[in-house]
């Protein structure tokens, strides 16, 4: 990422916005800058940040995934349910990860083989898997996890929560994948122009399979982090995550239409949302307004992107007419 580039400017602006939110909240609430509060914010960021990483990769490839929150929920459910059945917990974790990857594979199969729209496919996946979660839990909470596993929720390393450090590791690895590898460049190419990518020799279908399976794996990891943080899996786990994640990712500069975005930008978007949510809580404001703010932010950012593209298209058309001598 070069200084002066659009991505660099976007990340710089988001960083300044986050700093501004922190300064304002530190004046409005005396408890905001306490270690306990900041620790809580970083912990709660962990699973949503993981989902944002997954969605960013999917968006960059030109796809869309509404099933991220539900894959997170069902992966945590698989781990807990298999442990109840008496399986060794490392095997329960493995099955949870495989379950998330299987859900991602299912999305990719319908998108690639049947050429269905990602929005429709992942909406259907979300509905099916959410029904399974509700059916298994029946309104109850599943809290059968070993204490040695749950202990990671209270673990801190150099003052930072373990769950947050896991997020950072995934963020670094995902950034390296996108920015420094051949497959990462292919993901950007497919999202930028699928037909051009195909004509240049890129296996578009293989990229789509890779992206959705990887997304499922990351969402499954998010489910494990969620179960560690709240020490259970609840029926509504990840229910509002798609709205929150899409808002954060788009705020972070990732284009819904594909071909553009960064992991760093998405995580800064997640941080901004959590700072605002934390501020609402500390100031005792109605939680209803959080969803209103999320919706307005999403409309603003998507609208801004659409207007920007329209203006660019108009300028290019004008230049082409001028070059052709057309008034």
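Start at 1 and count along the chain as shown; that gives each residue its number.
Placed from the backbone N, Cα and C atoms, the Cβ positions cover glycine too.
Residue ranges 288-307, 308-327 are listed, and TrEMBL annotates 288-307 among them as transmembrane segment. Taking every recorded stretch in 85-112, 209-231, 263-282 and counting its Cβ pairs under 8 Å to the transmembrane segment (56-79), the highest total belongs to 209-231. The transmembrane segment (263-282) shares the most Cβ pairs under 8 Å with 12-35, out of the stretches 12-35, 85-112, 157-178. The transmembrane segment (157-178) shares more Cβ pairs under 8 Å with 209-231 than with any other stretch in the list 12-35, 85-112, 119-137, 209-231.
When each of 12-35, 85-112, 119-137 is checked for Cβ pairs under 8 Å to the transmembrane segment (209-231), 85-112 comes out on top.
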